[in-house]
């Protein structure tokens, strides 16, 4: 085999592998990524039932209900609209009413969001970034202040000061 | 006072690093021996100065000196001593200080142990190393000063993030950084070679041990992080394809490719240009990881603080080093000579195959990690790329690579005999087939993918042992001679075998957990029982237990099989009053290689019962045990290198000792 033929082999193999990978990446990007949506987005424009959604907002006060087993329902709100969510499993340690949350799953035909994953913030100084950005974009959030005309009991995102705030 | 000494030492180390950036390289250009030698002193000096700064910060943490802002924000006087130590790097500023400490440490190692390097190469390497050090010292001093004072000093600190108060975190970041930052040496060598315009097989021999050391630490660091997330987060998952995990995984993939291509360069002086490029890319991915984690573009447990100036600063460092290195590569690479010829079917060919797949895999991880960020910047649309994406892309790319692993070591250099290699692998093929058929029979033919997964794992396990087994020639020469021959094999052969075997072990764990894991989520009151995987788990009682800086609610379980008590275990929730945070302490019972994993959820409205999530995770520990095999393989390979290559000087010394 000549040097040239070898080089062609190598380039051919590279094209096959890289091309295959690119194909995989493109299919995966079109089918298996989750889009971030706010409750308002979901209410005004319902996505296909197969589309994975990351629903982000605040856990609405007084909506968290446990039916005695590991089944939980709660509503996610952006203070304009709210979407009911059902979830089976253990909620994260920092899941609380009035706090930021991201639920990942699909929107059922009955307009109830079926979450398979629920993420809450990692500590008290952190709101899910997507949620803050979304609220900010619509004038419902200000840096350093938290929610604007929020219900008084919601917790702002300002850092905790000292012990036992 | 100690704090000011630390700050001063840090500033001083910057000026020493500046000197080290210029003088040795200038000396190398002029051929001035004395200027070149300044590199050794400067590199050692930098390390000592940064070590002083780091100790100063650590002292303030241990003595709970809350007049230091950083200590106030991330520590508390009631923390156990161990976590006062680890708080030092459990925050942005401290972890960056650890980063430069390790960078300087590697610089000092090259300075002290690189006596046998050609003087110009060593001088250039130390200068390039100092450029990186200078950039990051500037970053710390200008944007992330850990020695910032607070006046008046508060009485009590705000505590370390509770989920970081864990022994896993004591070890994970230093390990990971030793890996990440260790690749800077390979980078500096690559840049030095490009500046010098000369590169040969000896270059690869010098670079490989450094790459190996970094790779070993990175392997263990990633593995530790994975196990920490597994037991501390209470989700029972061992890998989430979180961008931060990917940030450490990409340099690992590229570093693994680099190890293999440097082998070709060292043995056959081929793939020179590619190896140089790979060395640059590996450290670039480390820098990218640092950027992703430290800049605040990602929100995760690792992103301690979000300050836009920091992000821009690291991005500038990133662009300078990656861009500069690639430009230099583009200008100088063509001047490097091409290497030896080889047939497609050969050891070299196999290693090229390895590199092709590993770098492609790293590229898909890169796309999956950066695409959401780019999309958000360009269109404002927010998406999340998670496990489904990586299952579809990374998985299929890995399959051919894993299948090919056993062939590699069996092929000869230059021209290999694929048929002969296949014949030697018949035993491995039998093992794989048996596993495949066994799983098909066990699952009633329903789990075809699982069966293939197990088959592939056993193919790797048996296939990686084949090389040693056939080189020892147990079958031809009998056990006694075979054993003697086995012990006489070079350590690098053991290294390869162990690392590849570890890959099989990890794969076996992954396949087993993802196919046969069982999960029960239920509400339990004291006295209730749950069944899982043939075990009966009884919830005995729940008790309050005070900790040093937390209150724990511990649920006590007993595990029975056929009425016999197998073990008792506690699963707890810890409440940290200072941060108003709750963490999960999962109860884990390791039985053989498998684990029973219990984590607690919320109590029911009437407080009588509690949600409990129970997993049976068959062979889960193999995932991490496999990585230990890989690391031990790396150590063997390193040992071989030192004996054989560690410069003729040391060989002579050893011989002299033996005679004496």
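Cβ atoms here come from the backbone N, Cα and C positions, even for glycine.
Feature annotation from TrEMBL assigns domain 'Cytochrome c assembly protein' to B:89-295. The domain 'Cytochrome c-type biogenesis protein CcmF C-terminal' annotation in TrEMBL covers B:315-641. According to TrEMBL, the feature transmembrane segment maps to B:6-29, B:41-62, B:96-113, B:125-142, B:207-229, B:249-266, B:273-292, B:312-331, B:352-374, B:394-413, B:448-472, B:619-639 (among others).
Panel annotation: around the transmembrane segment (B:6-29), residues 35-39, 42-43, 45-46, 49-50, 52-57, 60, 97, 104, 107, 119-120, 122-124, 126-131, 133-134, 137-138, 140-141, 145, 147, 195-196 of the same chain, lying at least six beyond its termini, place a Cβ under 8 Å from a Cβ of the stretch. Counting only same-chain residues 6+ beyond the ends of the transmembrane segment (B:249-266), those with a CB under 8 A from a CB of the stretch are 179-180, 183, 186, 201, 203-205, 207-208, 211-212, 214-215, 218-219, 222, 272, 274-275, 278-279, 281-283, 285-286, 288-289, 339, 347-348, 351-352, 354-355, 358-359, 361-362, 365-366, 369.
Note: the stretches the transmembrane segment (B:619-639) and the transmembrane segment (B:125-142) are not in contact (fewer than 3 CB pairs below 8 A, sequence gap of 6 or more). Along the domain 'Cytochrome c-type biogenesis protein CcmF C-terminal' (B:315-641), the predicted structure has mean pLDDT 89. Here the transmembrane segment (B:312-331) has long-range neighbours at 131-132, 135-136, 139, 142-143, 187, 190-191, 194-195, 276-277, 280, 283-284, 287-288, 290-291, 294-295, meaning same-chain residues at least 6 beyond its ends whose C-beta is under 8 angstroms from one of its own. Sequence-remote contacts of a segment are chain residues at least 6 beyond its ends whose Cβ falls under 8 Å from one of its Cβ atoms, and for the transmembrane segment (B:207-229) they are 106, 110, 166, 168-169, 171-183, 185-186, 189-190, 235, 237-240, 245, 248-249, 251-252, 255-256, 258-259, 262-263, 266, 279, 282, 623-624, 627-628, 630-631, 634-635, 637-638, 641-642, 645. Long-range neighbours of the transmembrane segment (B:96-113) within the same chain, counting only residues 6 or more positions beyond its ends whose Cβ lies under 8 Å from a Cβ of the stretch, are 10, 13, 20, 39-41, 43-44, 46-47, 50-51, 53-54, 57, 88-89, 122, 125-126, 129-130, 132-133, 136-137, 139-140, 144, 146, 173-174, 177-178, 180-182, 184-185, 188, 210, 290, 294. Under 8 Å from some Cβ of the transmembrane segment (B:448-472) lie the Cβ atoms of residues 399, 402-403, 405-407, 409-410, 424-425, 427-429, 431-440, 482-483, 485-486, 489, 493-494, 496-497, 500-501, 503-505, 507-508, 510-512, 515-516, all in the same chain and six or more residues away from its ends.
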